[in-house]
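Below: one structure, written as structure tokens.
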2 protein chains.
Amino acid sequence: MRILSSQVSKHVGEEVTVAGWLHRVRALKSVTFAIVRDRDGLVQVVAAEPDLVKRLAVLTEETVIEVTGTVTANQQAPGGVEITSPAVRELSEPAVASPFDLYRPVVSAALPTVLDNAAVALRHPRLRAPFEISAASVAGYRRALDRLGFTEVHTPKVVSSATESGANVFALDWFGRKAYLAQSPQFYKQTMVGVFERVYEVGPVFRAEPHDTARHLAQYTSLDAELGFVTDHRDVMAVVREAVAEMVATIAERAPGAVELLGVKLPDVPEEIPSIHFADAQELLARETDEDPRGEPDLAPAHERWLCEWAMREYGSQFLFVTGYPMRKRPFYTHPDPQRPEFSNSFDLLFRGLELVTGGQRLHRHSDYLAALEARGESPEPYAGYLAAFAHGMPPHGGFALGLERFVARLTEADNIRWTTLFPRDLHRLAP
Amino acid sequence: MRILSSQVSKHVGEEVTVAGWLHRVRALKSVTFAIVRDRDGLVQVVAAEPDLVKRLAVLTEETVIEVTGTVTANQQAPGGVEITSPAVRELSEPAVASPFDLYRPVVSAALPTVLDNAAVALRHPRLRAPFEISAASVAGYRRALDRLGFTEVHTPKVVSSATESGANVFALDWFGRKAYLAQSPQFYKQTMVGVFERVYEVGPVFRAEPHDTARHLAQYTSLDAELGFVTDHRDVMAVVREAVAEMVATIAERAPGAVELLGVKLPDVPEEIPSIHFADAQELLARETDEDPRGEPDLAPAHERWLCEWAMREYGSQFLFVTGYPMRKRPFYTHPDPQRPEFSNSFDLLFRGLELVTGGQRLHRHSDYLAALEARGESPEPYAGYLAAFAHGMPPHGGFALGLERFVARLTEADNIRWTTLFPRDLHRLAP
């Protein structure tokens with residue numbers, strides 16, 4: 001019966017079996033040290049028997065082996081134990097040498113080389129760690145929303161019209177008809193508010209982003225939520241706070257090894273995340289910096305960074321909500337601020353200088369949708385299935401979306417979102 | 001502060017606020033009964049005040065309202081309480097009449113009409129219930145695999161070559177290059193065994209199924225898992241058993257209302273699900289039925305049904321594993337049975353007469369993959385990213401896939417998988 005590397009130290013003096021990848025072999029004069037890597041960590045195996053030493057000398061790293069031997073305490077060994085008098089059985093053919101030394105603390109290869117060799121590169125503990133954080137993040141997200149009475153849904157990823165934004169969509173051939181990959185579950189999650197009141201979805205979204213940047217991907221994992229019976233966008237922000245707090249807590253709980261290995265400083269999520277209105281943010285920037293962004297319809301990246309530093313100084317928070325973005329820069333389903341209709345009941349959540357979440361209150365009256373589409377010179381026809389939800393009675397509602405890979409990239413301070421995406425898809429990359 | 005319908009009975013004598021959809025209005029001579037539906041259920045509101053009675057008389061069903069009033073015990077009312085002396089506030093415009101009477105116990109409309117009007121049809125408690133079961137199923141699936149040390153992954157849904165089966169793929173335009181929607185995460189989940197040993201994914205898969213049947217969809221939600229360091233397919237079957245048991249348990253825990261409403265009989269999942277080898281199943285069918293399927297490479301649907309009835313008689317089990325399907329009908333990555341190489345180390349899990357899960361042990365030696373591809377006359381070139389995982393050392397491994405919508409359809413005894421798919425996609429249907 002195989003045990004994991006993390007369990008070996010509990011069996012000193014006993015015979016155990018471990019299995020994993022041959023992480024490193026070091027031949028000294030009289031003994032050979034073989035480090036075995038499994039999903040939990042590393043364990044040292046000491047071979048002294050001449051035939052075995054000879055066999056290990058020709059085994060390449062990454063060959064999969066099973067080792068049965070005696071657990072022996074050794075202060076010098078990693079974890080304080082090692083396996084002695086081992087019997088070794090190969091579970092794979094001798095492995096082709098990796099293009100990287102996986103046993104070195106850091107992979108020095110450049111990102112494209114790592115991505116081209118993902119199958120083996122991701123085995124490096126430092127390259128794997130972001131995905132442990134990613135899995136824990138999603139688990140925390142679901143845990144928070146389950147607790148708050150949300151229902152998980154799965155919506156179509158292929159749609160009949162490119163209505164949501166019109167630009168940056170992938171077209172495909174659907175049994176001879178033209179169809180498009182969904183840019184977001186936006187229309188479906190809103191429709192489902194009419195059924196479940198509160199829904200969430202974790203799934204892929206597709207953006208035919210023509211830019212090649214460190215922040216954009218053509219497929220990413222979107223954590224979406226939508227809830228009905230809100231007063232305004234502030235009720236949505238309260239859910240965002242709960243979700244992000246539980247994500248951070250679940251990372252601490254489920255991926256402590258990855259957090260430690262990468263030296264991630266998990267942020268405190270304040271009970272109430274500070275917020276500033278877009279107009280006030282512009283005033284603040286005009287007053288306190290050399291620039292005057294008033295009149296601009298959006299915040300520049302440099303302004304987002306400055307505001308995050310300001311929130312840290314003022315409130316000790318790495319998170320900041322900016323609310324009330326101008327209507328003209330938000331999608332047509334955005335609900336205006338009833339008091340100041342040029343501004344919207346929307347928000348972004350900034351985290352460490354970058355936008356992490358976008359959300360807000362949506363229109364819920366059918367007539368408002370018809371007016372919003374007419375104002376854009378659009379026909380309601382392609383939106384028929386979506387508009388039906390509002391015609392048949394929808395409560396005030398709102399929601400948000402959080403990009404998983406971007407969240408993990410900010411947490412781990414990755415300089416490119418591709419470090420936190422298993423097999424990135426972009427302008428150039430379709431494989432592996 | 002709004003409370004949910006399920007909480008109303010705890011507040012007898014108090015003033016409460018509820019909100020939801022106007023499920024039904026019934027005007028009697030002196031009073032009007034309004035039933036409000038929210039995500040938790042129904043609550044009766046009694047209006048006697050003449051102005052309110054007049055307002056309710058013109059409010060269409062499905063209009064969203066908020067009601068504040070006094071909770072009063074009434075044995076005749078649903079749940080034993082009703083809200084009296086109500087103040088009613090409309091939260092939506094008056095709703096367009098639904099094409100169905102949502103208040104009737106059963107929707108009599110045919111499936112196409114229901115699907116065309118999904119936004120409102122799914123509000124019917126009986127049509128919504130399968131999706132509550134679906135959400136609970138997925139939660140149970142993840143709970144089982146999290147407990148067993150699996151890591152959740154998110155893999156690309158767009159791939160550069162149609163390698164996995166060659167047929168039934170959707171082609172798309174990827175920045176001017178030809179690409180395909182992924183038919184399964186098969187290659188990626190295997191590759192990730194090299195990184196995490198045990199992985200799972202819940203996500204959409206795409207099949208360009210040219211048939212229009214009650215069982216096939218062009219997009220469905222696949223619950224995939226893959227694990228390393230197995231002895232053979234039986235280790236995979238043990239994980240399938242754990243996953244299915246936890247799915248059923250979580251449905252009972254999280255969706256009891258849906259189970260009751262639909263009269264779902266949740267199956268017992270035996271500690272060890274009975275299994276029969278494909279060859280033995282054929283012998284049994286030849287001996288005990290009028291047909292002789294020996295020599296056929298697969299089981300016919302009628303044979304699957306017969307075997308399930310047999311398993312019920314013999315073992316009292318609604319689940320039956322059939323193992324050892326012939327190699328010639330299984331994909332190229334299938335591991336043969338070392339003792340009888342014409343048979344594979346694969347299995348199907350049958351449930352109530354239908355295949356629910358397909359899985360098995362995979363090849364893990366690089367040379368076996370090269371040989372398997374050569375035997376099919378295929379070049380290894382398009383498989384480069386996948387084959388790299390095996391070249392660099394992979395343990396014996398296996399996995400399985402379970403179609404979520406099909407599972408829920410069998411549980412709820414739906415006659416068409418479209419009853420358990422939120423917005424189905426098929427040969428004809430791309431909207432809503």
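From the backbone N, Cα and C atoms, a Cβ is placed for every residue, glycine too.
Your range for region 'Aspartate', going by TrEMBL and the list A:22-25, A:186-189, A:194-197, A:234-237, is A:186-189. Annotated ATP binding in TrEMBL involves A:Arg207, A:Ala208, A:Glu209, A:Arg215, A:His216, A:Leu217, A:Gly403, A:Leu404, A:Glu405, A:Arg406 plus, out of the candidates A:Glu271, A:Glu272, A:Glu355, the residue A:Glu355. Largest CA to CA distance in the ATP binding set (A:Arg207, A:Ala208, A:Glu209, A:Arg215, A:His216, A:Leu217, A:Glu355, A:Gly403, A:Leu404, A:Glu405, A:Arg406): 20 Å, whole number. Among the binding-site residues A:His216, A:Leu404, A:Arg406, none has a Cα sitting within 10 Å of the Cα of A:Thr358 (L-aspartate binding site). Between the CA atoms of A:Arg362 (L-aspartate binding site) and A:Leu404 (ATP binding site) there is a gap of 23 Å. Each residue in the region 'Aspartate' (A:186-189) gets a DSSP state, and the totals come to 4 helix, 0 strand, 0 coil. A helical conformation is recorded for A:Pro78 (site 'Important for tRNA non-discrimination') in the three-state DSSP classification. Burial estimate for the binding-site residues (A:Arg207, A:His216, A:Arg362, A:Arg406): highest at A:Arg362, by number of other CB atoms within 10 Å. Contact annotation for chain B: of the listed binding-site residues (A:Thr358, A:Arg362, A:Leu404), A:Leu404 place their CB atoms under 8 A from a CB atom of that chain. Taking CA atoms as the reference points, A:His216 (ATP binding site) and A:Arg207 (L-aspartate binding site) are 9 Å apart.
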